[in-house]
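Annotated features, as they stand in TrEMBL:
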{"type": "TRANSMEM", "residues": "20-38", "note": "transmembrane segment"}
{"type": "DOMAIN", "residues": "28-468", "note": "domain 'Major facilitator superfamily (MFS) profile'"}
{"type": "TRANSMEM", "residues": "85-103", "note": "transmembrane segment"}
{"type": "TRANSMEM", "residues": "115-136", "note": "transmembrane segment"}
{"type": "TRANSMEM", "residues": "142-171", "note": "transmembrane segment"}
{"type": "TRANSMEM", "residues": "183-202", "note": "transmembrane segment"}
{"type": "TRANSMEM", "residues": "208-229", "note": "transmembrane segment"}
{"type": "TRANSMEM", "residues": "279-300", "note": "transmembrane segment"}
{"type": "TRANSMEM", "residues": "320-337", "note": "transmembrane segment"}
{"type": "TRANSMEM", "residues": "344-361", "note": "transmembrane segment"}
{"type": "TRANSMEM", "residues": "373-398", "note": "transmembrane segment"}
{"type": "TRANSMEM", "residues": "410-432", "note": "transmembrane segment"}
{"type": "TRANSMEM", "residues": "444-464", "note": "transmembrane segment"}
Amino acid sequence: KMRSLAPGIKLITSFSRDSWYRFFILILTFVFYTTYHLSRKPISIIKSQLHRNCSNVIHPADLNITDNDTWCDWAPFDQNNYQNLFGVLDNCFLVAYAIGMFFSGMFGERLPLRYYLSSGMILSGLFTVLFGLGFYWQIHSLWYYCLVQALNGLVQTTGWPAVVACVGNWFGKGKRGFIMGIWNSHTSVGNILGSLIAGVYVSSAWGLSFIVPGIIIASAGVICFLFLVEKPEDVNCTLPQHHKRSDRTVTVAFSCCQDRSKYHNVTIAKCAVFMLQGVVEFSLCLLFAKLVSYTFLYWLPLYIANVAHFDPKKAGDLSTLFDVGGIVGGILAGLISDYSGGRATTCCAMLIIAAPMLFLYNKIGQNGLPTTIGMLLWCGALVNGPYALITTAVSADLGTHECLRGNSRALSTVTAIIDGTGSIGAAVGPLLAGLISPTGWNNVFYMLISADVLACLLLSRLVYKEVRGWCGYTTRQRG
């Protein structure tokens, strides 16, 4: 009589070796990109500590105070132009990130992903720690903080193209939207954890708000060096099916590269990428979607504090709800687009609903706590849903498209082009918000709503094609 297996072991053996490896890679890349965002977030939490109203702070007896209002501020952020200086700090990071993203894809294609990712994470940890050490070394030069932010922005670009290329190698096309939707919550999880970790140390020693996340991302870099598997064939796993003839999930029946053999073994030429018509439209759409998303990321705590009159800590905690909504939105967008086969249509529909939602949030969003919470979750879901879908599922679909067969490295270039264009929006949004907010928050919201509408219009050609496809017209494939 055969003894029955223990239930735990039954569960473990019911999954194939391939499934375990895939699961392992998904968890690893999730953790890696979470740490990227976790080390990016402290700056928005620290701002309220670097410049605050010192007249309420009890000062030590041995300190001779000349200025009652600013004695406890951190120079150079103790002057009246402190908001401009914070804007400069944000932009040092974001502009370096946007520029770096266009080159990052090219390096990602030529270097082994494991070395590329782990060195990026360790360097990012170093620069994050250096920012925090400014507190202990008593550094009061704006140039130091700007330089560290810009260098950090450059090395942070290693994360996204490498991580997406790795996941693209391991997973097929079937349920990609849903898997990527769940996996893409790393952005929001990182933001939430970053806010909470920074919040622990912000009032006692703000240097630690950077040093702790810096140590976390550097440690993740070491783990990456020890454990990352780039491709299924490296450990004798079966390859995923990238393209089934019948499937409609590639958004457009792309005009294929006219001469396939020419591109077959070359590192993908930029022109070949742009021949995949969808790349340009999705990139520009992402520019406007990210503009909205990042404006919220950097200015929401301040907006809540100003308009709803919450204290900075409560405003910071409330602003994480926007990210919680973002997680739900990303998963929903993935599910809907997997089911319908319409990536562009899903993005467009969510953006159309988002515009009136933003208007409502500005008008009634501060009527009591329940309204604030509800509106934040809704806005987060509708703004981040399309943004999550474009950056993951669409980049991965385009990058593993049939035209580029035999060139999986193309994925990191496509991802970098789409995300690099998006990062321009990420840099412009917070900058515009800083310039517009003195004229009133209403105008900031009108700016966000216009960006939303523009994102929609950019997708109209692709939506038209998808709808025609559902009505039974097929697009002739050339090439």
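Here the Cβ of each residue, glycine as well, is placed from N, Cα and C on the backbone.
Keep in mind that this is a model prediction, so the values were computed, not measured.
The transmembrane segment (208-229) makes contact with the transmembrane segment (183-202), as judged by at least three Cβ pairs under 8 Å among residues 6 or more apart in sequence. Only sequence-distant pairs (6 or more apart) were considered; of these, fewer than three Cβ pairs between the transmembrane segment (279-300) and the transmembrane segment (142-171) are under 8 A, so the stretches are not in contact. No contact links the transmembrane segment (20-38) to the transmembrane segment (320-337), because fewer than 3 Cβ pairs that are 6 or more residues apart lie under 8 A. Counting residues 6+ beyond its ends, the transmembrane segment (344-361) has Cβ neighbours under 8 Å at 251, 278, 281-282, 285, 289, 292, 329, 333, 336-337, 375-376, 378-379, 382-383, 385-386, 389-390, 445, 448-449, 452-453, 455-456, 459-460, 462-463, 465-467 in the same chain. For the transmembrane segment (410-432), the partner stretch with the highest count of Cβ pairs under 8 angstroms, out of 85-103, 115-136, 142-171, 183-202, 444-464, is 85-103. For the transmembrane segment (183-202), the most Cβ-contacting stretch among 85-103, 115-136, 142-171, 320-337, 444-464 is 320-337 (pairs under 8 Å). Same-chain neighbours of the transmembrane segment (142-171): 21-22, 25-26, 29, 32-33, 36, 39-40, 43, 76, 85, 88-89, 92-97, 99-101, 103-105, 107-108, 113, 116-117, 119-121, 123-124, 127-128, 130-131, 134, 179-180, 183, 228, 230-232, 240, 391-392, 395-396, 399-400, 408-409, 411-413, 415-416, 419, counting only residues six or more beyond its ends whose CB sits under 8 Å from a CB of the stretch. For the transmembrane segment (85-103), the list of distant contacts is 40, 43, 47, 50-51, 76-77, 79, 142, 145-147, 149-157, 160-161, 294, 298, 416-417, 419-420, 423-424, 426-427, 430-431, 434: same-chain residues at least six beyond its ends, Cβ to Cβ under 8 Å.
The domain 'Major facilitator superfamily (MFS) profile' (28-468) scores a mean pLDDT of 80 in the predicted structure.
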